[in-house]
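Per TrEMBL, the features are:
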type	residues	note
REGION	1-22	region 'Disordered'
COMPBIAS	1-13	compositional bias 'Polar residues'
DOMAIN	61-293	domain 'ABC transporter'
COMPBIAS	336-347	compositional bias 'Basic and acidic residues'
REGION	336-359	region 'Disordered'
TRANSMEM	385-406	transmembrane segment
TRANSMEM	426-447	transmembrane segment
TRANSMEM	459-488	transmembrane segment
TRANSMEM	494-513	transmembrane segment
TRANSMEM	525-549	transmembrane segment
TRANSMEM	606-630	transmembrane segment
DOMAIN	669-914	domain 'ABC transporter'
TRANSMEM	975-994	transmembrane segment
TRANSMEM	1014-1030	transmembrane segment
TRANSMEM	1092-1113	transmembrane segment
TRANSMEM	1119-1140	transmembrane segment
TRANSMEM	1204-1223	transmembrane segment
Amino acid sequence: MPTDSQTDEATQTARDEQDRADDVHLVSYTLRVQSLTVQAPPPGVPLPLPIPVELPPGIARRVLGTKSVQEPQLLLEDVSLECKPGEVLAIIGASGSGKSTLLNAVGRRTGGLKTLAGSVTIHPTSTTRIKAADAIGFVPQDDLLLACLTVRETLRFAAGGKNEAVERTIEELGLQKAADTLVGGGSSGRKGISGGERRRLSIGCVLVRQPSVLILDEPTTGLDTTAAFSVLSLLSSLARRNRTVIMSIHQPRSDAYPLFDRLCLLSRGRVVYSGLRADVLPWFAELGHACPPQTNPLDFLIDVSAVDSRDEDAERASQTRVDRLKAAWAEREKRAEAGEAERKGEGEDVSAGVEKGRKSNRPGFVKQVVVLTNRALKNVYRDHGLLLGFLLQVTVIGIMAGLTFLNPPETPAGIQTLKTVYYQGIVMFFYLSFILYIYIDCGQLVVFDREREDRLYDVLPWVCSHFLAFLPINIIVPTLYAIILYFIHDNLARNLFIFIGNQHGSFAYALLAAAMDRNFAQASLIANGLSIAMFLSAGYLIVNLPAYIGWMKWLSPYFYGFRWTAITQFRGRVFSCPGIEGVERNQCIGDNVLVGLRFNLNTPLWVYPVGIVAFIIVVMGMAIALLQFYHPGGVKHAKNKLSSSERHKKPAKVEEAQTLKREPVDVELKEMGIVVKGGLLLGTERKSILEGVDVTFRPGRLTVVLGPSGAGKSSLLEAIAGQLPPSRFSVTGSILFNGRAAASRHSEQVAFVQQSDQWLLPALTIRETLHYAAELQLRGMSKAAKRERAEEVMRAMGLTPVADHVVGGETVKGISGGEKRRLALAVQLLADPSVLLADEPTSGLDAFSALSVIDALRALARSGRTVVASVHQPRSEKGVVDWVDGVRGVPMPDWWNPADWVVDAVCGEGRDALVQAWQKDHELKQVEEDAPPSDASPVPSGTVVGVPKRNASEYALPVVLSRSWKNLRRQQDVFVARLANPPFLVLVFWLFFLRLGHGPASAQDRIGLLMENSAMPFVGMLASIAIYPAERDAFYREYKNPASRYGAATFIISYTIQEVPMQFLAAMIYSVVMMAGMGLQIDARRFFEFSFGIFGLINFGESIGVIFSSWVINGGLSVSLVSCALTVLAQTCGIISVTLPRWLAVIAWGSALTYQARVAFINEFSGLVFDCTQEQLASGECLAATGDQLIETFGFKDRNTAKFTALLLVIVVIYRLLAYAAVRARVALL
């Protein structure tokens, strides 16, 4: 009778045999890289335009000179490697060594990088061949997955519906329990699967297509030790099935070492070793670098090949060592060149294979459309937040539009309101629709780009599926809009097809904008710029278009929609107009209204619906062409170094000793527990994260908190730092500082380093970031001492070689991720706190960089500080290994990282035994309670030796202002967006309006031109969306740090000071072009009142943007909310809708638009006389004989423009104070 273990073994053997049988059809390949040299070309030079346009480097060098263009950067030089079927090759090295660049070159994804020499080829081991592009599967570092699909559905779509391959992959990846769980994450608001499961799912999406060569970029990033080992073990087993597996790895574990068959070790773009794993340690021992015992060999290899830039002596010594290693390996490769030369030319070039493989065996067009549509429908209609956004938008805009134009009377003023409602009913809602669709498309096209690189489908099937998936929304949403307007306005429901057609036009236009640029801010900016021409050419804001630009109306969906609606509403209609006699009576005839708008009544009505359909088809065709041939993904490379005028000189060493004196602190936890509070609305239960924690953290020691994901490491540190939100968490037990309960007075003794480094300002250099941080934190020291402290910390963190490199951001490539992590830690080290808590300080760092961080923390602890750090993938820890081995009864293997061994023990089945043994072991606990080391300088308990500080706001304001201005000035596209958008906009207006005359159409043209001023708050809003989030994130982080804390008032004042001058200058330029260039009435009073009005609108819009963005972190949602708010306020300004309900007219006085519109309207039409004949007045071609008649028609009785201008500035100040209140309320919850 076989035992259970024998049965399990037999089952596993049978399964392995079946797997091998399934993999027999795979064509195995050897991959070779020969003498590869890759260069990063210089980035283009951005032009000072509101839209993102760059001058190519070659042209910029000839036009602007060589100093304006950065030199190309060599990323890889003479790199060679080989990986055979059945092998796993790991590419390792320190940060900036070129791992990702090499992997992308191997995976044919070099983007804009230039290959100067060498090749990447694959060599089949049999006579059977497939295309290179079909043979290679690439798994990127980021998990780009659709949030609202389950794991099984994601794999099924990746496999093209092959259920057998899907189920087999799920079993291989160990995803059975999560197979029917939604992926989650992103903007969906769903938690979804874990990080490890997401990583395995990303691998599965490639694995399910059965590639022969599997390439993975950082497959273990963000995973705990158990999940990381599980992923690496899986990849090793896949390689044993005749696949070729190549990966880059950042923080390799000890147990990963035997899983690799080959290693490629890089240092600053050059190969230090590339060959069999079994030969690597003997090779380095032969060169005089033997690996010590109880050390992770992979950590040792990275350490010995890294350049230590923490001080000049260490940098010279390490650079000499690395140069010798490179030279030794280069000499060895030269000796092996003869044998390698015989094999050259046998393989197929990978880059050529990309093109050859594009027409591979994919499903047909119909099958692709069906599969993609099924996937898109599930992803869209499971996203409840997205559906709620559409519902709220149509409800709010529909109700507000209906109430704004509610039951206008049959008078000339009411008729003017009707003309506006028919125009705004088309434009207003559907403008917001394309902004929302741009946000959706920018997110979905990121996944599209990745899947297109994997050649899963063609462009046209994806566009068809995208169209079909949103078809129900594009029918239901405009239908709801028409129904709402019908019940409120009683006459627009019959235009339902117009609404549906324009909704589809907005959908197509949004796809075109997202196809131009995947960045939402840039795509929405492009779309807004192009949409201005569509609005102006619709035939309402300006009725007589200049001949050279009149053709543009045929490209505007709003032209077709407005004409169709207006003709159906006005043709043949006669308004009662009680009490109206004389010339004004002519405007009460519907046909005269159409004549006044220059409608050609002989044009057949069918032209307009056909025009809308043609617009949709043409724009969708342009989007398809862009998606097929234009690939705007990726990031720009920032200038590596600043000009000599901007670069800081190293400060001389300060002779005087200005050392911060702080109190050594014992941090003691007694029976501490953390509970997540339940929510009644969400139906969640209370959950215990930690319980019964008893530990003392002593000064003079570095204490590392280990444990798997979910063990409570981060929550423990946040509780000690006092940064757990009390609304969500409850802390039980005691947290004592030197025997006293933790209180607010202890906050300045504690510094907490969070995992995220997204708050770093992208346009500052490393040195500038640290200098500004030192200015904020070290308020009791001289300026020279602050700079010396910043330089000292920078050297300790190994950042000196890149001190003058800009940090970079999402769209600008700056320093590496590891360097950003060290910079974030360096900022906290400046104040040299008594207690330093670091949450995952080595996350994302290679082994050498992680060691430099730990060394810095250890040195800080030796000076008498209490340092506690949580570590995800630790390097070494020897003290507790013997104790753990004694409890488990299993000794630690050779070449094993002791810390990994301990974490694995905690994760295993013997966890309960370890907990019980710890509770009984009083001797080890006593060791933890020993006195601090002698090198610590104890201070009597309760005495805080602090640094004398000036008032935080008074001190911080000039520092924050200088930093913000420098960060903004260097981001040329963002800087220009604030300064040049208003002048750019008014120049577009000028192209359409030119100089206004005094003829019959000039009254309507002037009204339309003044209505265009309502776009200025949107300009301010877009500037805030582009600039404010980075400033906000930096302020939120500094507010949470007691050492650098300053108030919300300081932040808002700084933001306002650097904003107002540019706003006023832009408003002045706008006013000059608008008034002098277009022929409006102008004198000194009118000009300055108009300029102050435009300035007020821009500032008002930016304040609204700040209010929303302070609470809503998601940029796309912020734009939608602010756009809705500003659109509603624009309708109530008094020009767009002349007959407002009384209650809404009262609310309108709370908007800056109301005051500016009155001032501009009264100033323009006062005393103005139009050149109109009696016939033109009788036919309705001319609205009025004088401007004063129009002022009376619009109901502006009070003509005191000075009073309204003063009230406008008061409203601007009030909204800026509301922005301050919003920021202050938000930080109160941090």
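Note: Cβ is positioned from N, Cα and C throughout, glycine not excepted.
Relative to the transmembrane segment (1014-1030), the listed stretch 975-994 leads the set 385-406, 426-447, 606-630, 975-994, 1204-1223 in CB pairs under 8 A. Restricting the average to the domain 'ABC transporter' (669-914) gives a pLDDT of 72. Between the transmembrane segment (494-513) and the transmembrane segment (606-630) there are 3 or more Cβ pairs closer than 8 Å, counting only residues 6 or more apart in sequence, so the two stretches are in contact. Outside the transmembrane segment (459-488), and at least 6 residues removed from its termini, the chain residues within Cβ reach (under 8 Å) are 365, 368-369, 372-373, 375-377, 379-380, 387, 390-391, 394-395, 397-399, 401-403, 406, 425, 429, 433, 444, 448, 452, 495-496, 499-500, 502-504, 507, 511, 620, 623-624, 627-628. Ranking 385-406, 426-447, 525-549, 1204-1223 by CB pairs under 8 A with the transmembrane segment (975-994) puts 525-549 at the top.
Sequence-distant contacts of the transmembrane segment (1204-1223) (same chain, six or more residues past either end, CB-CB distance under 8 Å): 1032, 1035, 1048-1049, 1051-1052, 1056, 1089, 1092-1093, 1096, 1099-1100, 1103-1104, 1106-1107, 1110-1111, 1150-1152, 1155-1156, 1158-1159.
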